[in-house]
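Read through the structure below, which is laid out as structure tokens, and then see the notes.
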Amino acid sequence: MAACRALKAVLVDLSGTLHIEDAAVPGAQEALKRLRGTSVIVRFVTNTTKESKQDLLERLRKLEFDISEDEIFTSLTAARSLLEQKQVRPMLLVDDRALPDFKGIQTTDPNAVVMGLAPEHFHYQILNQAFRLLLDGAPLIAIHKARYYKRKDGLALGPGPFVTALEYATDTKATVVGKPEKTFFLEALRGTGCEPEEAVMIGDDCRDDVGGAQDVGMLGILVKTGKYRASDEEKINPPPYLTCESFPHAVDHILQHLL
């Protein structure tokens, strides 16, 4: 971050950073209140494809997070924008709870494949239908390619391995719309009036959250909650600006050293 520029915006990952399923990270609500007590703009960015933005917002409010819908930017939003730009009819491999975010999108006689995290759809018959569409020239759109994510019972496969399987089988390359894509972070910052060099990203994924943000010029703070595993910070170059225990510790650092 350029020394002459003050911090103006903080982007915060949700799952694994503020909460894990229906449990908040300890101290996260109070830390968010402290961050909001400053002059920085706060936005929430997520690759979740398991639920619509409205369902996600309701989950966060039940956990007593003070968040409004217009502060959340999701990879589902980015995927819908791309579908509208391309004017294609997608085969939607997403969780049924995410379908409201695609309301109005024509899906009959599909000529594109959209993949999110949808364990109930990831079986041979459905994946083979997607495979055949791709062989016929349909574009493959990956909402994100996370390798795994954190559940209460442990780590679980993300959509990335399934996207990669279809890429391999069809000799094609998916268009990825979520983190760590540069366009995702730039779109999340749009409307804040902030440049990437004036922003910080806080997340539990060293590649998708921290690496992606730092690639566009932001500072990246990696938290050791959610999907974090020992030595994750050594997997990207440059390494995270900071690695700390949790979101409250990240906020402490911001308040003490970046404002």
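Even glycines carry a Cβ here, placed using N, Cα and C.
Matching D153, D171, D204 to the Mg(2+) binding residues that Swiss-Prot gives (D13, S15) identifies D204. Here the binding residues for substrate are D13, L14, S15, T46, N47, K179. Their largest Cα to Cα distance works out to 13 Å.
In the three-state DSSP assignment, the secondary structure recorded for D204 (Mg(2+) binding site) is coil. Averaged across the coiled coil (47-71), the predicted model reaches a pLDDT of 91.
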